[in-house]
Amino acid sequence: MQKRRIITVNPSASIEMRQYENNEVPYSSVGGDEVPSSPKATDKIRKVSMLPLVFLIFYEVSGGPFGVEDSVNAAGPLLALLGFVVFPFIWSIPEALITAEMGTMFPENGGYVVWVSSALGPFWGFQQGWMKWLSGVIDNALYPVLFLDYLKSGIPALGSGLPRVAAILVLTILLTYLNYRGLTIVGWVAVLMGVFSILPFAVMGLISIPQLEPSRWLVMDLGNVNWNLYLNTLFWNLNYWDSISTLAGEVENPNHTLPKALFYGVILVACSYIFPLLAGIGAIPLEREKWTDGYFSDVAKALGGAWLRWWVQAAAATSNMGMFIAEMSSDSFQLLGMAERGMLPEFFAKRSRYGTPLLGILFSASGVVLLSWLSFQEIVAAENLLYCVGMILEFIAFVRMRMKHPAASRPYKIPIGTTGSILMCVPPTILIFAVVALSSLKVAAVSIVMMIIGFVMHPCLNHMDRKRWLKFSISSDLPDLQQQTREYEETLIR
């Protein structure tokens, strides 16, 4: 059997060299100490393998080209195509690389919460967890509604009233139960849904070849660009790469699987946007005002007929279900990871007989059901702003870990130094500030209120812990991040 050599550099300058089997890569702790890569209590739970992980990433980030039509409406064909070619290098690839490095450095549930806690302390780690979970639940509340919006053209009764309410409840319960049954099941369902969602666009691309006119791709009018809509469309269709980090503890050999899955995920997502745009723009005479959400179904009808349109609409509905189950998995395992770190009461860390975080799933599902009845367009914009704040914390944590613990073991390390790490974070940070600057005062106010709630919740939970009203504990299978930080600082003093 192939062996892998791992060199772990301890901050005290001692170097230990050992050999590990492929499935026994050590946990990469801050101090260089080696602990098991997965908690003993979960050793018997089936782990997520490469292909399901790729499609979970696909649904965390994209789900297909549904929603990218607004980029053509906002900026025209050439800028829309250039945006989905260039933007991944500015945003998606840096975020995916950081997720690969930090996710393998801390291969446990909790993901970015653990990164920020390790670099900035438990207070900011909790804020990261609160903002990310809240934005995820708000985001997930959209998918049952969007699913029904795609179906109401064929079933008008789903447009409003009691049938719509009942359909949202039934759909949420069914998809929540799927999450309860196990992450491996969710992963393979995501594979099937992903293939079904991508295939109609592959067919559409083949049908469009005889009708392609490349000159249509080059149309540009810089005097008629809605930069706010353009940037937001690109941004929200190419982010959330870090969400998969909250499932790192459930991945089979994460130090090897996670970086590769992110690499394949970037390619899959980029192709799922660029090729449908090339086909739709190149084969259909440009009517820019028609390029809004759902226009790909009209393109499909024009190119292949009603049968292809129905397939695209069914794929869009299926994509919403895929995004729902992927997002709920990420949100619920994040709560489990925070409980294992002592940030939430211990009962959030309890698993069902299928290895899933029962209370995390129930809390996330409850949030989805409550928010599904609201008209919350401004709140959705606010959750996007919360996401931006969370990404700033992640960039700071990434750079700070490179500076504080340069010798810590990193199974996957971006091949750049500290200066390169800082420079890599500059373009996406500028983009975040541009998105924030374009947001309304109302959105900013709602976001600030949500952050204040997080600031209050952390000391309240600490008070409950001190009074022993609720039980908090750190899993014995995880390294003590704060203790490792203190030990590392002591070695520097000596």
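Positions of Cβ are set from backbone N, Cα and C atoms, glycine also.
Now, the feature entries from TrEMBL:
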- 48-68: transmembrane segment (TRANSMEM)
- 74-98: transmembrane segment (TRANSMEM)
- 110-126: transmembrane segment (TRANSMEM)
- 155-178: transmembrane segment (TRANSMEM)
- 185-209: transmembrane segment (TRANSMEM)
- 261-286: transmembrane segment (TRANSMEM)
- 354-373: transmembrane segment (TRANSMEM)
- 379-399: transmembrane segment (TRANSMEM)
- 420-438: transmembrane segment (TRANSMEM)
- 444-461: transmembrane segment (TRANSMEM)
Positions whose Cβ lies under 8 angstroms from the transmembrane segment (420-438), at least six residues beyond its ends: 90-91, 94-95, 97, 227-228, 231-232, 235, 384-385, 388, 391-392, 395, 398-399, 402, 414, 444
Intrachain residues whose Cβ lies under 8 Å of the transmembrane segment (444-461), provided they are six or more past its termini: 123, 126-127, 130-131, 134, 343-345, 378-379, 382, 385-386, 389, 436, 470, 472
Tertiary contacts of the transmembrane segment (48-68), as residues 6+ beyond its ends and Cβ separation under 8 Å: 80, 84, 92, 183-184, 186-188, 190-191, 193-194, 197-198, 201, 233, 236-241, 243-244, 247, 250-252, 257-258, 260-262, 264-265, 268-269, 272-273, 276-277, 293-294, 296, 315-316, 319-320, 322-323, 325-327, 329-330
The transmembrane segment (185-209) touching the transmembrane segment (261-286) per 3+ Cβ pairs under 8 Å rule: yes
Stretch among 110-126, 155-178, 185-209 sharing the most Cβ pairs under 8 Å with the transmembrane segment (354-373): 155-178
Non-local residues, at least 6 beyond the ends, that sit with Cβ under 8 Å of the transmembrane segment (155-178): 144-145, 147-148, 185-186, 189, 321, 324-325, 328, 361-362, 365, 368-369, 372-373
Folded-back contacts onto the transmembrane segment (110-126), same chain, C-beta under 8 angstroms, at least six residues removed: 30, 102-103, 132, 242-249, 334, 336-338, 340-341, 343, 390, 393-394, 396-398, 400-401, 404, 454, 457-458, 461, 481-482, 485
